[in-house]
There are 4 protein chains.
Amino acid sequence: MKTINNFYLWGLLNFYYMAGNTFGQLFKLLSFGESHGRALGGVIDGCPAGLELDLDQIQTELNRRKPGQSAIVTQRKEPDTVEFYSGIFEGKTTGTPIGFAIHNTNQKSKDYSHIKDSYRPSHADYVYDKKYGFRDYRGGGRSSARETASRVVAGAIAKQFLGKIKINAFVSQVGDMKLEKKYQDLDFTKIESNPVRCPDMETAGKMEAYIKSIKKEGDTIGGVITCVIQNVPIGLGEPVFDKLHADLGKAMLSINAVKGFEYGSGFEGVKMKGSEHNDAYNNDGTTTTNRSGGIQGGISNGMDIYFNVAFKPVATVLQAYETINKEGEKVAAQGKGRHDPCVVPRAVPIVEAMAALVLADHTILARSNKI
Amino acid sequence: MKTINNFYLWGLLNFYYMAGNTFGQLFKLLSFGESHGRALGGVIDGCPAGLELDLDQIQTELNRRKPGQSAIVTQRKEPDTVEFYSGIFEGKTTGTPIGFAIHNTNQKSKDYSHIKDSYRPSHADYVYDKKYGFRDYRGGGRSSARETASRVVAGAIAKQFLGKIKINAFVSQVGDMKLEKKYQDLDFTKIESNPVRCPDMETAGKMEAYIKSIKKEGDTIGGVITCVIQNVPIGLGEPVFDKLHADLGKAMLSINAVKGFEYGSGFEGVKMKGSEHNDAYNNDGTTTTNRSGGIQGGISNGMDIYFNVAFKPVATVLQAYETINKEGEKVAAQGKGRHDPCVVPRAVPIVEAMAALVLADHTILARSNKI
Amino acid sequence: MKTINNFYLWGLLNFYYMAGNTFGQLFKLLSFGESHGRALGGVIDGCPAGLELDLDQIQTELNRRKPGQSAIVTQRKEPDTVEFYSGIFEGKTTGTPIGFAIHNTNQKSKDYSHIKDSYRPSHADYVYDKKYGFRDYRGGGRSSARETASRVVAGAIAKQFLGKIKINAFVSQVGDMKLEKKYQDLDFTKIESNPVRCPDMETAGKMEAYIKSIKKEGDTIGGVITCVIQNVPIGLGEPVFDKLHADLGKAMLSINAVKGFEYGSGFEGVKMKGSEHNDAYNNDGTTTTNRSGGIQGGISNGMDIYFNVAFKPVATVLQAYETINKEGEKVAAQGKGRHDPCVVPRAVPIVEAMAALVLADHTILARSNKI
Amino acid sequence: MKTINNFYLWGLLNFYYMAGNTFGQLFKLLSFGESHGRALGGVIDGCPAGLELDLDQIQTELNRRKPGQSAIVTQRKEPDTVEFYSGIFEGKTTGTPIGFAIHNTNQKSKDYSHIKDSYRPSHADYVYDKKYGFRDYRGGGRSSARETASRVVAGAIAKQFLGKIKINAFVSQVGDMKLEKKYQDLDFTKIESNPVRCPDMETAGKMEAYIKSIKKEGDTIGGVITCVIQNVPIGLGEPVFDKLHADLGKAMLSINAVKGFEYGSGFEGVKMKGSEHNDAYNNDGTTTTNRSGGIQGGISNGMDIYFNVAFKPVATVLQAYETINKEGEKVAAQGKGRHDPCVVPRAVPIVEAMAALVLADHTILARSNKI
């Protein structure tokens, strides 16, 4: 009798597919593309109609993420120009899916040939090989941070949808060098004025020098990005599983190299007593302090939302190291290629993009369930 | 002409519904129930057939979460007995949805009457009222942490499904009192031997005394729970949006009072150089260190997964405080009722439950896309 | 090295779970329960708050579906009383998930022992056994039409949500005995006045006599249910995959024993020319004819929606028959037990319930994407 | 106080977006593009890795759907060439999302100017205008059947994934001219040998002549497509809501102009008695008859699946007609442009594509829940 086991006859005894390519529930991004394929891109599904789009601004966001923009980031050259195929008519969104692509033009597969047969420490090489039984060594394929270009495009559209809601991310720590000022004392217009994307020029200068020294050693260093969201209406977020900060946390943790997320008082807040930690109300419903970080019970309360995102040091160091090959034998290796000594300056627009996607999704969600 | 605006004629001009009641993609929990309704419960949809269930163990997990279990938790009395309606036959799962309910028996609505007209600081009262235009003041309704009882039931089943994968959470910090030992040096069998749920008896004793002193003041204190997952197969997690740690992060951040999540080297890891942070391979693919925290590129690598979850101090303090009422006028108020001085001891089983739900979901997901 | 293949070590080498237990996108029903388990039930997730519920009316709908209500339906006795656990407070919905259960009280497992070892023709026995490697012979388990009781509860709530939108289904054909009148000429208040649920009393009488004669033979007969939805606002339905009639079709085809669905001009319409088939507009946007069946391009146009649903004859005949056993050997068998000679009278409330669920879902969906 | 009503400040007081652009649960197509935009396309998410793709075959399927292929279809010229951007490497699928686009090259917006101000009878013009408050009169925008080109691309890949499962659709009725032979007596290799796509050459000739005569009158005519799926393994389909035939029905009803769906004995089966209708088993589990249409209880039983799909006559007739304009005034109009006199010949590949998507999705689904 033929049964479901016939599947085995189809030559697809061992197959796999990669899940988890869509982000969002109502304002959604389905991302496609590999680092060394023909194009990356995506479809934004659920963006409301009638939104006047500033296409230059979208390209500007992509440029903030792209390689080669300064001396402290990877020197790869990728033009990263986005083309839109649908969902936009005479400069406005039509409410239908927005398809877009970013063609790959400068992929040097040979740059990766030296790592073809061994697993780079603290990279995804090993788990990919174990999970999928194969490995696209040419820059990580789908696991490459190049995929985040699609997120930046979608996030740039989400930002424009969000209108008065303003999202500003910046570098607040590189290694153990911390920006000590509170975000309220910073001038966000300074973020783009330096290659580190730290709005305090003095700290930015020190961070830049530090990253350069790290780069000289062929080493890398971690960092923290702080993100502040202002002019948020009250009421975004769902009370049980889809709390606003839970979705922000997932969004941030889905960015390559992220190791931690905290909002409001965060990990420091655990040391406080309730009587110290509680935010007292003003008559207008705002609070005198904001340890809550703009979210109560998973729902925005109208105060600024702020959170920190921890990035580990980039795993590719331009030094000699020992690792294993596919046979489990120890092999000597040498880091090569064009890589970032510190990922946080280029990750700033990615953090903003993911935050914008979460806010846009929760805006639509809130409107859909509160009418 | 009649159009869609006819909706307005139905007497439902301003309506809302609460979204986000389901967790998981393939192994799912849909949770229902309010803190002061007839019953809480849920449906577990996607649990494989043939799993022999230890029902006593499920009740044991519920008992770990329930109030009144020790002197340092709330003294409310709730028996929290779970009844199963479907999906289990002769002690085994049948692969069909598992419906269950926990009947509420001891809800004292009057305990909350004193807060009916004012907003408690750092509670969800205010945002609920603004979002939904109404407020169930009787213990928070759906936003109450009582909802997590349903999660503990589902998590207990997920744990049994996970078999050899072992999940142990414990209290690692209360206020600024930290457990200094590494998790590798702890005896997890000691977790349940003290009311704090800290596996180091000496630290546990200090923490217990500290929580009692906080309670005496009518105050509350925050804390950190560390969770360790062992015997994890390689290959759980998806490379792009649904990274294993991103879903763990969302799960943890969806628990009431959580302010932060970090895994592996976490926020400390940002201070390290890549050459220090990278985990070197042994011949068998394990690593000599585990700063990665058992996950690479969003996919489990077979090493222990470990993470920290930050909980803020409970907002209800048994002290006098000032707040505002619905009219925005300042009012004096006094915290009353039976509340936890520190939430982390009772949150330990909730952290484990959510971790189990994520692991079970990713196990099914991995099997469904890698065949 | 341990890999994902470790799954095989867990004693769950061959497992399955049953998918597809949820209906709807925003107004959702997750159904649970087996025909011979402790209880059936479900969770309605997405029902707006503030809806005043007539609980008696819900029970009335359940009674329309229940066995033993007349001489022409199965004589099984099931009280089918629904209990609500959450989401309703002081008679109104709260916008949170509505959990409910219908306890099973009269399951006679022995009634099915005679079919334990053989496959009933045109039943799901054989495919279940092949798909899942096991079979719950006690009345079909999850595949039993008893599951539709949960749908009737949810549909009854959806009906009340729909307010002025009126859904009336009735039996329009039994065997080759057709109700020849147009639905416009029928009095829907007569539907419940006879056990067949045909609003034309003369035809109903003939159908009833015919079903009784079929029953006497120990045989069964098929039928058609027509459903009419009136007072529909313009704008329900999505233009591409989720066309209103596509979702209605899926809803109807998901009911046990359904073999076909047609709306508006249906299969007869294919014979017409465009010039004959097109519905001309009146000045107010209504149409002089309604071959479109109230839906254009997948979107409701404000005219009555009407459709037909074809039900095959019940497979269980109380006659001797030949079949095969698990070993593939021919065996003689004899139909026994309490079964419906014709399923359509009891299926009328199920058709209405599924139609109500589709309309409610598309109402919320339309409101969520047109704001 | 600022609340969620701040949404109204953003200049998006009245917005909408179009939902329902994705088909499938695990093997999914997200379709994008308008009939007169820059490109149509889509993303296939969930296609397993390692599938060797015949790209010419995909283009061949597109050519079967494209306009201008014969004298009995619309004479519009669209090259409809598909470009793939991702998910394919060296001719094989990689398991990652497959992004693709079909650039529009021959859109004549002026062809539609004559209908700009009035509503065509039995078209979606009126409901679009009412639902969205605007209308893209240039060929229907997103509601145009041109969108089905994306479905044909995805379906062509699904077909190749399905391997030995063979899907053949053909025209079995035009107007009241029926193909009287059973499908078992037909030679499917003849389907493409005539422009009607009817495998019986004699009937095909008559149908072709009939369609030509209809075209000469400037009129249109409906038709029926029959689809047969062979070599189906046992076990595809879920027992409750996601029955295999329910998903097939939804897929077919989502195709433009479809009015009905029946499978197996269909509407004719209602006239039969159970004793006549039941399919008796052979020793090997096959059945002597196949009134079930290859599906029992929603699950494939290994026999051929067959079903009929009813298409209404195309609404655009090249004749004078009366209709209303936006102001509700009667206006005289005249049908113009290049349209199909009968849609079924070009719909054959669309029916096959949607059937392939359903089968592929249920194949992955069955593998994911039965392991």
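Including glycine, each Cβ sits where the backbone N, Cα and C put it.
TrEMBL: automatically predicted annotations, no manual curation.
Listed in TrEMBL for this protein:
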- C:R65: NADP(+) binding site (BINDING)
- C:R142, C:S143, C:S144, C:N256, C:A257, C:G297, C:K312, C:P313, C:V314, C:A315, C:T316, C:R338: FMN binding site (BINDING)
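The structure, with features from TrEMBL marked on it.
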{"residue": "C:R65", "record": "NADP(+) binding site", "DSSP (3 states)": "helix"}
{"residue": "C:R142", "record": "FMN binding site", "DSSP (3 states)": "helix"}
{"residue": "C:A257", "record": "FMN binding site", "DSSP (3 states)": "coil"}
{"residue": "C:K312", "record": "FMN binding site", "DSSP (3 states)": "coil"}
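Cβ neighbour count for C:S144 (FMN binding site): 21 (other Cβ atoms within 10 Å of its Cβ, all protein chains included). Taking all protein chains in view, 26 other C-beta atoms sit within 10 angstroms of the C-beta of C:R65 (NADP(+) binding site). Filtering of the binding-site residues C:R142, C:S144, C:A257 by Cβ separation from chain D (threshold: under 8 Å) yields C:R142, ordered along the sequence. By a Cβ separation below 8 angstroms, chain B lies close to these of the binding-site residues C:R142, C:A257, C:K312: C:R142. For C:V314 (FMN binding site) paired with the residue listed as 'NADP(+) binding site', the C-alpha to C-alpha distance reads 16 Å.
Closest in space to the residue listed as 'NADP(+) binding site', of the binding-site residues given as C:R142, C:A257, C:K312, is C:A257, taking the CA atom of each residue. In sequence order, C:A145, C:F311, C:K312, C:V314, C:V343, C:A347 are the residues near C:A257 (FMN binding site), counting only same-chain partners six or more apart with C-beta under 8 A.
The FMN site in the record is lined by C:R142, C:S143, C:S144, C:N256, C:A257, C:G297, C:K312, C:P313, C:V314, C:A315, C:T316, C:R338, and its two most distant CA atoms lie 44 Å apart.
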